[in-house]
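Report on the following structure.
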Amino acid sequence: MNRLLGVELMKLRRSGMVWIAVGAPLFLTLQGIANFLRYSDTMFAGSTRTKWEILYEQCMIMYPSLLLPLVITVMVALLARLEHSQNGWKQLLALPVTREQVYKSKLVIACLLVLLNLGVLSIGTLVGGLMIGIEGDVPYELILGRGLLAFVATLPVIAIQFVLSYRFSHVGVPLAIGTALAAPTLFAANSERFWLYDPWTYPVMAYFGPAQEGITRGDWMYAIACGLFLLIIWIGLQEFKKRDMV
Amino acid sequence: MAAFVIETNNLTKTFKGFKPVDALSLQVKKGEVYGFLGPNGAGKTTTIRMLLGLIRPTKGEVRIFGKPLERYRLEIARKIGSMVETPSYYGHLTGYENLEITRKLLDAERKDIDRVLEIVRLTEWRNTKVKTYSLGMKQRLGIAQALIGKPELLILDEPTNGLDPAGIHEIRDLIVTLPEQMNMTVLVSSHILQEVERIADRVGIINHGKLLFQGELAELQSRSQAKIYVEADRPDEAARLLFNTGYRIEKREGALYIDADKSRAAEINKSLILNGYDVSHISEERKSLEDIFLEMTKEAQSV
């Protein structure tokens with residue numbers, strides 16, 4: 001399994017996937033910081049929120065609802081394409097590795113890429129804020145803690161895209177389905193009752209949902225996210241183990 | 001020690017109603033080069049994929065190194081090198097990196113990469129991205145990949161596809177030397193008889209998923225009957241004459257093909273001439289292996 005992980009990391013070399021993982025959030029944090037600097041004397045003046053909160057919002061407002069699901073879709077599809085494109089499955093699976101090991105190591109890589117992606121967003125915001133010298137206590141829990149929670153919230157999306165990407169050798173299938181499902185996220189997230197049924201809204205809720213005490217819909221969300229992830233990944237694994245590599 | 005390196009028993013695969021492989025029982029002996037022959041679509045690749053555990057048989061069993069593949073796949077896979085159909089590769093990585101992936105998963109020594117690169121003459125291109133390789137180079141990289149870790153069994157599916165004549169020659173020479181030099185058993189598939197003719201100790205011929213012949217090529221050759229080929233004037237009458245003296249005759253394009261070997265040639269000649277027919281050509285015809293192979297696979301098709 002460790003050997004497989006090493007090999008999978010090697011395959012990422014020059015594939016451009018790491019650039020997508022780092023580039024997309026970096027761009028948004030830079031843009032958020034620029035916005036913050038530009039409007040801090042006008043629009044944001046007199047706001048009741050702290051400067052850190054304003055910066056957080058500027059950096060993250062677009063990401064979970066629009067870009068994040070697409071970035072996940074594209075990254076996971078590209079990861080699968082590494083094997084699909086030159087029919088790497090038949091070579092990889094003829095070697096002394098089990099299908100379960102292959103499947104799991106690919107999943108770990110996919111999760112690491114998403115984690116890197118969310119990490120750049122959070123840390124980028126934090127470092128950016130420190131560099132431009134925002135006053136006041138740094139709200140680590142908001143900036144870093146929610147980034148971690150957001151990872152849990154993206155798990156169902158990762159699982160769905162992962163299974164689709166590995167099941168269908170044509171890269172268009174996961175891309176089309178992923179994009180179509182991501183499109184209504186903003187509307188669904190604004191619905192009081194129905195957002196819980198659409199896992200694509202979970203990252204939005206993780207970043208911008210109200211921080212509440214006690215058991216709330218938010219806690220349910222993380223439980224559902226983990227449950228869905230395990231279920232979908234398990235179903236995908238059963239199919240992968242039985243599949244004829246034609 | 002098991003008698004056979006590969007042994008399949010009634011191996012069958014059914015895909016939605018059609019059977020690419022039908023009750024196939026192969027035996028590959030240790031240390032031999034086994035030619036797996038059949039026209040395109042005969043079921044060679046499906047069989048090979050089942051030998052590698054990429055496809056699950058619908059019925060039947062595969063035993064490799066004497067052990068059932070289904071239970072001991074990991075242990076068996078460690079000792080097999082393979083290249084199935086078109087070579088698989090990661091185009092954005094270099095040739096060396098591609099081999100490094102296989103090396104790591106096989107837990108082989110690092111210097112093995114240099115060894116196999118040398119064998120397929122890709123040392124010069126080791127640090128070039130594989131997507132810039134020519135088809136022949138990719139094919140050679142696939143073979144290098146199969147040789148990593150000094151496998152005991154090498155399975156090559158159409159290894160000379162896409163190679164130029166020099167490359168074909170080279171791969172052929174390589175395959176012949178492997179059993180002696182490295183104590184390997186080789187199964188090599190092809191749809192062209194001549195490719196296998198000179199290198200294989202034994203062959204298996206397959207069409208429509210069924211095994212038509214398994215054994216040495218000499219045995220296959222001896223199966224074909226010799227004929228005497230005769231050109232004479234008034235062939236219809238000449239044929240009638242010979243038929244009346246008890247020969248079986250076939251007439252094609254004005255010439256006669258007589259079911260007999262060369263010991264009867266003089267007799268046939270004499271009887272034709274004495275009866276007033278001019279004989280302009282008489283010779284023994286033996287079918288080439290190619291003809292036998294073609295006939296065999298065609299027959300199966302018309303059934």
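Cβ atoms here come from the backbone N, Cα and C positions, even for glycine.
What TrEMBL annotates here:
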- A:18-40: transmembrane segment (TRANSMEM)
- A:60-80: transmembrane segment (TRANSMEM)
- A:107-131: transmembrane segment (TRANSMEM)
- A:143-164: transmembrane segment (TRANSMEM)
- A:171-189: transmembrane segment (TRANSMEM)
- A:220-237: transmembrane segment (TRANSMEM)
Q) Under 8 Å, at least 3 Cβ pairs, sequence separation 6 or more: does that hold for the transmembrane segment (A:220-237) versus the transmembrane segment (A:60-80)? A) no
Q. When each of A:18-40, A:107-131, A:143-164, A:171-189 is checked against the transmembrane segment (A:60-80) for Cβ pairs under 8 Å, which one has the most?
A. A:171-189
Q. What else in the chain is close to the transmembrane segment (A:18-40), if you only count residues 6 or more beyond its ends and a Cβ gap under 8 Å?
A. 12, 51, 54-55, 58-63, 67, 71, 74-75, 78, 113-114, 116-118, 120-121, 124-125, 128-129, 132
